[in-house]
């Protein structure tokens, strides 16, 4: 006689390890710490079926960027270098210096324009400097200081043959001083002549007044002097 079967003896009733439980969950998946039924933040793009569950999330390893970094950094340096070169080129092309007979001018600006003027009458001192590359390639900076100013008022940066430019500025400065001196001498001569003319006119007026007041002047000799109060015309009529 066969003994009645019990649930524990029924292979269909017993659950194998790792098999699905009564609610359909996988025990192995439930025990996995990486398993999470809730979607992580930022996964709103993911649409799951009703019986679909998330068991793992991930992204590419950060070290996978290494090849791109090794290839991109030199390119980035080249790009930055190109920007620096372009900026310096535009700055140079939009900078100009001018020396006239009366003043010094400096114009600069890529997207705007800045013009500065310093007249020779304000220039107090000039100098020039050359760095290592300037000494090797023959360029430097000419600096202009003004009277009453604080330091360098105007500079011609990175000009060719700065010593010659400084000498040119000094020559124009001396020429301006000579011109001012000559103008002052001419004014002094004019003032001296005007003073001489004025003095001569005043002397002539004084002599004329003195002649008019003198008793023996021509004006006094034109009319005979009266004697004892008698009228000469009356004597002539009486005769």
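Each Cβ is built from the backbone N, Cα and C atoms, and glycine gets one as well.
Curation does not apply to TrEMBL; its annotations are automatic.
As given in TrEMBL:
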type	residues	note
COMPBIAS	1-20	compositional bias 'Low complexity'
REGION	1-44	region 'Disordered'
COMPBIAS	29-39	compositional bias 'Acidic residues'
TRANSMEM	65-86	transmembrane segment
DOMAIN	94-168	domain 'YdbS-like PH'
REGION	199-239	region 'Disordered'
COMPBIAS	230-239	compositional bias 'Acidic residues'
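Mean pLDDT across the domain 'YdbS-like PH' (94-168) comes to 92 in this model.
In terms of DSSP secondary structure, the domain 'YdbS-like PH' (94-168) contains 16 helix, 40 strand, 19 coil.
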